[in-house]
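Taking it in order: structure first as C-alpha coordinates, then the write-up.
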(Lines of atoms letter the chains of each structure in order from A and count residues from 1; the text may use other names and numbers.)
(Lines give C-alpha, C1' and ligand atoms only; values in the text may rest on other atoms or scores of the structure.)
Protein backbone atom coordinates (compact mmCIF):
# COMPACT_ATOMS: atom_id res chain seq x y z
CA UNK A 1 0.00 0.00 0.00
CA UNK A 2 2.59 2.55 1.04
CA UNK A 3 5.67 1.30 -0.74
CA UNK A 4 5.67 4.22 -3.15
CA UNK A 5 4.63 6.85 -0.63
CA UNK A 6 7.13 9.58 0.11
CA UNK A 7 6.82 11.82 3.14
CA UNK A 8 5.67 15.32 2.20
CA UNK A 9 5.64 18.33 4.47
CA UNK A 10 2.06 19.06 5.50
CA UNK A 11 2.54 22.78 4.91
CA UNK A 12 3.07 22.23 1.18
CA UNK A 13 -0.30 20.53 0.81
CA UNK A 14 -3.57 22.23 0.00
CA UNK A 15 -5.94 21.29 2.78
CA UNK A 16 -9.45 20.46 1.43
CA UNK A 17 -11.11 22.88 3.85
CA UNK A 18 -8.73 25.61 2.65
CA UNK A 19 -9.95 24.88 -0.87
CA UNK A 20 -13.56 25.31 0.20
CA UNK A 21 -12.75 28.62 1.87
CA UNK A 22 -10.72 29.96 -1.06
CA UNK A 23 -13.69 31.71 -2.68
CA UNK A 24 -13.31 29.53 -5.79
CA UNK A 25 -15.59 26.64 -6.74
CA UNK A 26 -13.74 23.42 -5.83
CA UNK A 27 -13.37 21.10 -8.85
CA UNK A 28 -13.60 17.48 -7.73
CA UNK A 29 -13.03 14.05 -9.33
CA UNK A 30 -15.72 11.66 -8.07
CA UNK A 31 -15.14 8.23 -6.55
CA UNK A 32 -15.53 5.82 -9.49
CA UNK A 33 -15.29 2.06 -9.12
CA UNK A 34 -12.24 0.80 -11.07
CA UNK A 35 -11.58 4.21 -12.62
CA UNK A 36 -10.58 6.92 -10.11
CA UNK A 37 -7.34 5.16 -9.20
CA UNK A 38 -3.91 6.74 -8.75
CA UNK A 39 -2.97 6.95 -12.45
CA UNK A 40 -6.24 8.65 -13.44
CA UNK A 41 -6.09 10.99 -10.43
CA UNK A 42 -2.56 11.95 -11.53
CA UNK A 43 -3.93 12.79 -14.99
CA UNK A 44 -6.88 14.96 -13.91
CA UNK A 45 -4.72 16.85 -11.42
CA UNK A 46 -2.63 18.01 -14.42
CA UNK A 47 -5.80 19.56 -15.83
CA UNK A 48 -7.10 21.79 -13.02
CA UNK A 49 -8.81 19.21 -10.82
CA UNK A 50 -8.50 20.45 -7.21
CA UNK A 51 -9.53 17.42 -5.16
CA UNK A 52 -9.69 13.69 -5.93
CA UNK A 53 -11.51 10.77 -4.35
CA UNK A 54 -10.43 7.13 -4.43
CA UNK A 55 -12.93 4.54 -5.68
CA UNK A 56 -15.28 3.28 -2.96
CA UNK A 57 -13.50 0.78 -0.67
CA UNK A 58 -15.40 -1.62 1.62
CA UNK A 59 -14.06 -0.66 5.05
CA UNK A 60 -14.49 -4.12 6.64
CA UNK A 61 -12.43 -5.84 3.91
CA UNK A 62 -9.83 -3.07 4.03
CA UNK A 63 -9.34 -3.44 7.79
CA UNK A 64 -9.33 -7.24 7.71
CA UNK A 65 -7.13 -7.97 4.69
CA UNK A 66 -3.66 -6.74 3.84
CA UNK A 67 -4.25 -7.94 0.28
CA UNK A 68 -7.32 -5.68 0.04
CA UNK A 69 -5.28 -2.74 1.37
CA UNK A 70 -2.52 -3.28 -1.19
CA UNK A 71 -4.89 -3.63 -4.15
CA UNK A 72 -7.46 -0.99 -3.18
CA UNK A 73 -5.29 1.91 -2.03
CA UNK A 74 -2.15 3.21 -3.68
CA UNK A 75 -0.96 6.78 -3.55
CA UNK A 76 2.20 8.88 -3.87
CA UNK A 77 3.53 12.27 -2.82
CA UNK A 78 1.80 14.18 -5.64
CA UNK A 79 -1.58 12.61 -4.97
CA UNK A 80 -2.93 15.29 -2.65
CA UNK A 81 -5.34 16.54 -1.54
CA UNK A 82 -6.93 13.09 -1.43
CA UNK A 83 -10.17 11.76 0.04
CA UNK A 84 -10.59 8.01 0.61
CA UNK A 85 -14.18 6.90 0.20
CA UNK A 86 -15.41 4.00 2.31
CA UNK A 87 -18.52 1.85 2.30
CA UNK A 88 -19.22 1.20 5.97
CA UNK A 89 -22.05 0.33 8.34
CA UNK A 90 -20.17 0.01 11.66
CA UNK A 91 -18.65 2.99 13.38
CA UNK A 92 -15.56 1.29 14.81
CA UNK A 93 -14.67 -0.48 11.56
CA UNK A 94 -14.90 2.83 9.68
CA UNK A 95 -12.70 4.37 12.34
CA UNK A 96 -10.11 1.58 12.03
CA UNK A 97 -10.04 2.07 8.25
CA UNK A 98 -9.68 5.83 8.67
CA UNK A 99 -6.76 5.33 11.03
CA UNK A 100 -4.93 3.22 8.42
CA UNK A 101 -5.24 5.86 5.66
CA UNK A 102 -4.90 8.94 7.86
CA UNK A 103 -1.13 9.41 7.34
CA UNK A 104 -1.54 9.26 3.54
CA UNK A 105 -4.80 11.14 2.86
CA UNK A 106 -6.57 14.35 3.83
CA UNK A 107 -9.88 12.84 4.83
CA UNK A 108 -12.41 10.08 4.43
CA UNK A 109 -15.86 10.10 2.88
CA UNK A 110 -18.71 7.77 3.84
CA UNK A 111 -20.67 6.48 0.85
CA UNK A 112 -24.34 7.12 1.62
CA UNK A 113 -25.39 7.36 -2.00
CA UNK A 114 -24.54 4.20 -3.95
CA UNK A 115 -27.87 2.84 -5.27
CA UNK A 116 -26.53 -0.53 -6.46
CA UNK A 117 -28.52 -3.47 -5.16
CA UNK A 118 -25.54 -5.36 -3.73
CA UNK A 119 -24.43 -2.34 -1.69
CA UNK A 120 -27.89 -1.69 -0.28
CA UNK A 121 -28.43 -5.39 0.45
CA UNK A 122 -25.20 -5.34 2.50
CA UNK A 123 -26.36 -2.26 4.42
CA UNK A 124 -24.01 0.13 2.59
CA UNK A 125 -24.54 3.08 0.28
CA UNK A 126 -27.86 4.82 -0.20
CA UNK A 127 -29.73 2.87 2.48
CA UNK A 128 -27.74 4.96 5.01
CA UNK A 129 -29.74 8.10 4.15
CA UNK A 130 -32.52 6.47 6.18
CA UNK A 131 -30.19 5.90 9.15
CA UNK A 132 -29.11 9.36 10.39
CA UNK A 133 -28.17 7.96 13.82
CA UNK A 134 -25.74 5.49 12.26
CA UNK A 135 -24.17 8.27 10.18
CA UNK A 136 -23.86 10.34 13.38
CA UNK A 137 -22.14 7.49 15.22
CA UNK A 138 -19.69 6.86 12.38
CA UNK A 139 -18.74 10.53 12.05
CA UNK A 140 -18.36 10.92 15.83
CA UNK A 141 -16.17 7.85 16.13
CA UNK A 142 -13.76 9.11 13.48
CA UNK A 143 -13.77 12.62 14.94
CA UNK A 144 -13.03 11.28 18.44
CA UNK A 145 -10.34 8.77 17.49
CA UNK A 146 -8.33 10.51 14.75
CA UNK A 147 -5.89 12.95 16.35
CA UNK A 148 -5.41 15.18 13.30
CA UNK A 149 -8.01 18.00 13.60
CA UNK A 150 -7.56 18.85 9.90
CA UNK A 151 -8.51 15.33 8.77
CA UNK A 152 -11.89 15.76 7.08
CA UNK A 153 -14.93 13.50 7.44
CA UNK A 154 -17.51 13.97 4.70
CA UNK A 155 -20.54 12.10 3.38
CA UNK A 156 -21.94 11.62 -0.12
CA UNK A 157 -25.71 11.21 -0.30
CA UNK A 158 -28.69 10.92 -2.62
CA UNK A 159 -31.92 12.79 -1.93
CA UNK A 160 -35.22 11.50 -0.51
CA UNK A 161 -38.51 11.81 -2.39
CA UNK A 162 -39.51 14.08 0.51
CA UNK A 163 -36.76 16.70 0.54
CA UNK A 164 -37.52 17.71 4.15
CA UNK A 165 -36.04 14.36 5.21
CA UNK A 166 -32.81 15.13 3.29
CA UNK A 167 -32.49 18.60 4.81
CA UNK A 168 -33.05 17.07 8.26
CA UNK A 169 -30.40 14.40 7.57
CA UNK A 170 -27.89 17.04 6.44
CA UNK A 171 -28.53 19.27 9.44
CA UNK A 172 -28.05 16.32 11.81
CA UNK A 173 -24.80 15.42 10.01
CA UNK A 174 -23.59 19.02 10.26
CA UNK A 175 -24.33 19.06 14.01
CA UNK A 176 -22.24 15.89 14.36
CA UNK A 177 -19.17 17.51 12.81
CA UNK A 178 -19.25 16.51 9.15
CA UNK A 179 -16.79 18.65 7.12
CA UNK A 180 -18.91 18.89 3.96
CA UNK A 181 -21.68 17.00 2.17
CA UNK A 182 -21.79 15.95 -1.47
CA UNK A 183 -25.33 15.73 -2.84
CA UNK A 184 -26.13 13.65 -5.91
CA UNK A 185 -29.39 15.30 -6.95
CA UNK A 186 -31.39 12.14 -7.62
CA UNK A 187 -33.33 9.73 -5.42
CA UNK A 188 -32.29 6.10 -4.99
CA UNK A 189 -34.81 4.98 -7.65
CA UNK A 190 -33.72 7.55 -10.23
CA UNK A 191 -30.96 6.65 -12.68
CA UNK A 192 -31.06 8.74 -15.86
CA UNK A 193 -33.83 11.15 -14.94
CA UNK A 194 -32.95 14.86 -14.79
CA UNK A 195 -30.97 15.92 -11.73
CA UNK A 196 -32.90 17.95 -9.14
CA UNK A 197 -30.55 20.93 -8.91
CA UNK A 198 -33.34 22.85 -7.15
CA UNK A 199 -33.10 20.31 -4.32
CA UNK A 200 -29.34 20.86 -4.01
CA UNK A 201 -29.99 24.61 -3.83
CA UNK A 202 -32.48 24.16 -0.96
CA UNK A 203 -30.00 21.94 0.91
CA UNK A 204 -27.23 24.50 0.37
CA UNK A 205 -29.43 27.29 1.73
CA UNK A 206 -30.22 25.20 4.83
CA UNK A 207 -26.58 24.54 5.79
CA UNK A 208 -23.52 26.43 6.94
CA UNK A 209 -20.93 23.78 5.94
CA UNK A 210 -19.80 23.43 2.29
CA UNK A 211 -22.12 21.57 -0.10
CA UNK A 212 -20.84 19.83 -3.25
CA UNK A 213 -23.17 19.31 -6.22
CA UNK A 214 -22.99 16.08 -8.22
CA UNK A 215 -24.89 14.67 -11.20
CA UNK A 216 -24.81 15.04 -15.00
CA UNK A 217 -22.01 17.61 -15.23
CA UNK A 218 -20.21 17.04 -18.53
CA UNK A 219 -18.38 20.29 -19.33
CA UNK A 220 -16.82 23.23 -17.53
CA UNK A 221 -19.82 25.29 -18.69
CA UNK A 222 -22.16 22.75 -17.03
CA UNK A 223 -20.09 23.06 -13.85
CA UNK A 224 -20.41 26.86 -13.90
CA UNK A 225 -24.16 26.64 -14.57
CA UNK A 226 -24.72 24.17 -11.73
CA UNK A 227 -22.71 26.38 -9.39
CA UNK A 228 -24.93 29.36 -10.29
CA UNK A 229 -28.13 27.29 -10.03
CA UNK A 230 -27.33 25.73 -6.66
CA UNK A 231 -24.79 28.00 -4.95
CA UNK A 232 -22.74 24.84 -4.28
CA UNK A 233 -19.19 25.30 -2.97
CA UNK A 234 -17.83 22.44 -5.07
CA UNK A 235 -18.69 20.52 -8.22
CA UNK A 236 -18.04 16.77 -8.37
CA UNK A 237 -17.78 15.07 -11.77
CA UNK A 238 -17.64 11.39 -12.70
CA UNK A 239 -18.51 10.42 -16.29
CA UNK A 240 -17.72 13.89 -17.63
CA UNK A 241 -14.09 13.47 -16.51
CA UNK A 242 -13.90 9.93 -17.89
CA UNK A 243 -14.94 11.28 -21.30
CA UNK A 244 -12.68 14.33 -21.02
CA UNK A 245 -10.08 14.36 -18.21
CA UNK A 246 -9.11 17.91 -19.30
CA UNK A 247 -12.69 19.16 -18.76
CA UNK A 248 -11.88 21.31 -15.72
CA UNK A 249 -9.15 23.07 -17.70
CA UNK A 250 -11.83 24.24 -20.16
CA UNK A 251 -11.33 21.80 -23.05
CA UNK A 252 -14.56 20.85 -24.87
CA UNK A 253 -13.18 17.44 -25.80
CA UNK A 254 -10.09 15.44 -24.82
CA UNK A 255 -7.02 17.10 -26.37
CA UNK A 256 -4.33 14.88 -27.89
CA UNK A 257 -1.89 16.19 -25.28
CA UNK A 258 -4.12 14.69 -22.58
CA UNK A 259 -4.18 11.32 -24.39
CA UNK A 260 -0.38 11.45 -24.58
CA UNK A 261 -0.23 12.30 -20.86
CA UNK A 262 -2.50 9.34 -20.07
CA UNK A 263 -0.30 6.94 -22.05
CA UNK A 264 2.82 8.19 -20.25
CA UNK A 265 1.24 8.10 -16.76
CA UNK A 266 -0.46 4.72 -17.24
CA UNK A 267 2.73 3.07 -18.49
CA UNK A 268 4.74 4.62 -15.66
CA UNK A 269 2.23 3.31 -13.09
CA UNK A 270 1.97 -0.14 -14.64
CA UNK A 271 -1.78 0.28 -15.18
CA UNK A 272 -3.42 -3.05 -16.14
CA UNK A 273 -4.26 -3.22 -19.85
CA UNK A 274 -8.05 -3.38 -19.45
CA UNK A 275 -8.11 -0.21 -17.37
CA UNK A 276 -5.58 1.55 -19.65
CA UNK A 277 -7.68 0.66 -22.73
CA UNK A 278 -11.07 1.48 -21.16
CA UNK A 279 -9.92 4.97 -20.20
CA UNK A 280 -8.77 5.59 -23.77
CA UNK A 281 -12.11 4.33 -25.12
CA UNK A 282 -13.90 6.88 -22.93
CA UNK A 283 -11.48 9.69 -23.80
CA UNK A 284 -11.71 9.08 -27.54
CA UNK A 285 -15.49 8.59 -27.63
CA UNK A 286 -16.14 12.12 -28.93
CA UNK A 287 -13.16 12.37 -31.27
CA UNK A 288 -13.37 9.08 -33.20
CA UNK A 289 -15.73 7.86 -35.92
CA UNK A 290 -17.88 4.71 -35.58
CA UNK A 291 -15.50 2.92 -37.90
CA UNK A 292 -12.46 3.91 -35.82
CA UNK A 293 -14.21 2.79 -32.62
CA UNK A 294 -14.89 -0.64 -34.12
CA UNK A 295 -11.17 -1.10 -34.69
CA UNK A 296 -9.82 0.59 -31.55
CA UNK A 297 -12.24 -0.96 -29.04
CA UNK A 298 -11.25 -4.54 -29.89
CA UNK A 299 -7.48 -4.04 -29.63
CA UNK A 300 -6.17 -6.56 -27.11
CA UNK A 301 -2.66 -5.50 -26.09
CA UNK A 302 -0.80 -2.43 -24.96
CA UNK A 303 1.53 -2.59 -27.96
CA UNK A 304 -1.45 -2.74 -30.36
CA UNK A 305 -2.99 0.33 -28.69
CA UNK A 306 0.32 2.23 -28.81
CA UNK A 307 0.78 1.38 -32.51
CA UNK A 308 -2.77 2.52 -33.27
CA UNK A 309 -2.33 5.85 -31.44
CA UNK A 310 1.01 6.44 -33.11
CA UNK A 311 -0.26 5.67 -36.62
CA UNK A 312 -3.54 7.59 -36.36
CA UNK A 313 -2.75 10.47 -34.01
CA UNK A 314 1.02 10.70 -33.79
CA UNK A 315 0.78 9.97 -30.06
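Using the three backbone atoms N, Cα and C, a Cβ is placed for every residue, glycine included.
What TrEMBL says about this protein:
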DOMAIN    29-292  domain 'DUS-like FMN-binding'
BINDING   31, 32, 33, 85, 184, 238, 239  FMN binding site
ACT_SITE  114  active site, proton donor
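Between the residue listed as 'active site, proton donor' and residue 85 (FMN binding site), the C-alpha separation comes to 11 Å. Taking every protein chain shown into account, 32, 33, 114, 238 are the recorded positions, and of these the Cβ with the most other Cβ atoms within 10 Å belongs to 114. Considering other CB atoms within 10 Å as the measure, the emptiest surroundings among the binding-site residues 184, 239 are those of 239. All protein chains considered, the CB of residue 31 (FMN binding site) has 25 other CB atoms within 10 Å.
Put simply, the two farthest-apart Cα atoms among 31, 32, 33, 85, 184, 238, 239, the recorded binders of FMN, are 17 Å from each other. Around the Cβ of residue 85 (FMN binding site), a 10 Å sphere holds 25 further Cβ atoms from the protein chains shown. Predicted-model confidence for the domain 'DUS-like FMN-binding' (29-292) is 97, expressed as mean pLDDT.
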